[in-house]
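Q: Residues or ranges marked as NAD(+) binding site in TrEMBL: 32, 33, 34, 35, 36, 81, 82, 113, 136, 173, 290, 314. Look at TrEMBL and you will find 115 tagged as active site, N6-AMP-lysine intermediate. What TrEMBL lists as Zn(2+) binding site is 408, 411, 432. Positions annotated as domain 'BRCT' by TrEMBL: 605-677.
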Ligand SMILES: [Zn+2]
């Protein structure tokens, strides 16, 4: 039976692939006769075995118009970047930090393998069949590149083993071999086309192609480096066991790896790799060191954008000497102050470097940097320039000590120092002009309140005319406010006002994120929304409560409390709370455990029309999450009809049956209340 299933799926995918070529790309690589034969074979197989219905998920539907090109898909678990360093010293510091922070008294067992220079990808298998492939994207969602992924010969499309989890998420790297890279560039030179600058660009470029034949010709390779199981009884305690399982299931894994019992083993592995690096047939830019124990990984957890239990130790790129001629303290959107060193301009691998970031106060103290010092500069991962070290022997007597600011040089608010992290920030929020512009832009951004059409240019103009100072001012704008601004006509004005108007329905996590509180990013905002469930609960929180929330420690809690302490900030939040419809539908909200108290519970709903806040499917999910029931037809048993734009006949039917009709806004306004209206 299994062999049979495999044969069937392969055939089906083949036909769908030809369909895609034919219907979407208007090209055909087999004769009509052969195509018809394949179709007949498929039909015969289907007739013999009535499992067609079970296999719905393999329908890629390549037919014209149905095929949506590269839509975004959310990752099952975020695909995060790695903490990294470029010297053994950096790694030793990391190891020490882990041991100290998590009270680990013995050596940590690390799993080390190569950091291949490619494109990270997530392959999702449902019941052992490749369902989709997604790029890393922003870490939370990426592009759907399934079609092109299917052209990569060493990615199995069907897995056959009794232990395959119901849902399997395989993470790995798409890369190209050095010789294929050189060959491709030779061919592009022959065709007088631009050369590819590095193998990673080829991988990402190929996966974005509309024509999968291009990806096929580029001979991409896949190497798996981790996996997640869902709905599975498999529970392996070590990372290496997971990888070996992947190998057993047919995935390629890195052949060069080491299970290191001590940090000396890690150093040895790193030194060995630096020696063989040039002889490998693919590009690498370092090694990846992972805590091998899954239990320990869980205990160590994540920082905002990276797993804390993994570390990328990158190779050094060559460095040059230059002089530091000045220091500037730049204020970012959240008030974070970043010291930047201005340099006597130098070239590193063809790029002119004039300044480098010094990250924070701690870094400056570590480097023992003075203005006028001669420093060694290198480009980490060949991208961001960094100061490697200060050449103390070359220090002249005229160097000046760096003086750290006590007050914000723009708004004169006292700067907050987080001594342990060496971070400093201006806590004035919307009242610091240096932050204002970027904060307002952040507020209206896609992950915030989302007001398309309102860009930096317009915000700058509104600020200049004094129409907008803080985010609440957006909701006070009218046609007259735009009349005094040059370059904004009536059509654009209406578009912007419309955009502002439709931003009024917003999810709580996006609202919190939009406030731009220092250290409160997307993940923390989600956790906060999840925990508090409403703006009111969030405002009533205190330091102790905040520290109980996942991912929130002393610094984040302090930053939130400082933000909420400011009367000006509170005034803005209260105004917005009144003006906006802020909803939260997280099922495990701390305050909303008992759904039976919510009006939605056990009520029957019908939806009609087009919805602005979110898709119909998502609204249905919310209703079902709170114990409501969604039906597709109006009958006398229905309790509520929710209508969007362009609703249909159902409105009339509901009216005649005296069913309560709710607009989209009414529904969201009352979402978490005990009784509706
Ligand atoms: Zn300031």
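Placed from the backbone N, Cα and C atoms, the Cβ positions cover glycine too.
Curation does not apply to TrEMBL; its annotations are automatic.
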Q: Excluding 408, 411, 432, please set out which residues of the same chain place their CB within 8 Å of the center of the CB atoms of the Zn(2+) site, keeping sequence order.
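A: Close Cβ neighbours, site residues excluded: 331, 335, 409, 410, 412, 413, 426, 428, 431, 433, 434, 435.
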Q: How many Å lie between the Cα of residue 115 (active site, N6-AMP-lysine intermediate) and the Cα of residue 82 (NAD(+) binding site)?
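A: Residue 115 (active site, N6-AMP-lysine intermediate) and residue 82 (NAD(+) binding site) have their Cα atoms 11 Å apart.
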Q: Can you go through the binding-site residues 34, 36, 411 and pick out those with a C-beta less than 6 angstroms from ligand 1?
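A: Listed by sequence, the hits are 411.
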Q: Which residues, sitting 6 or more apart from residue 82 (NAD(+) binding site) on the same chain, put a CB under 8 Å from its CB?
A: 288, 306, 307, 310, 311, 312
Q: Return the count of C-beta atoms lying within 10 angstroms of the C-beta of residue 290 (NAD(+) binding site), excluding that atom itself.
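A: There are 22 of them.
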Q: For residue 34 (NAD(+) binding site) and residue 432 (Zn(2+) binding site), what Cα-Cα distance in Å is obtained after rounding to a whole number?
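A: Each residue's Cα considered, residue 34 (NAD(+) binding site) and residue 432 (Zn(2+) binding site) end up 70 Å apart.
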Q: Consider the binding-site residues 408, 411, 432 and say which one has the Cα lying nearest the Cα of residue 136 (NAD(+) binding site).
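A: Out of the listed candidates, the nearest Cα belongs to 432.
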Q: Per DSSP, to which secondary structure element type does residue 290 (NAD(+) binding site) belong, with helix, strand and coil as the options?
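A: DSSP call for residue 290 (NAD(+) binding site): strand.
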Q: In this structure, which of the recorded positions 34, 115 has the fewest other Cβ atoms within 10 Å of its Cβ?
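A: Looking at the recorded positions 34, 115, the Cβ with the fewest others within 10 Å is that of 34.
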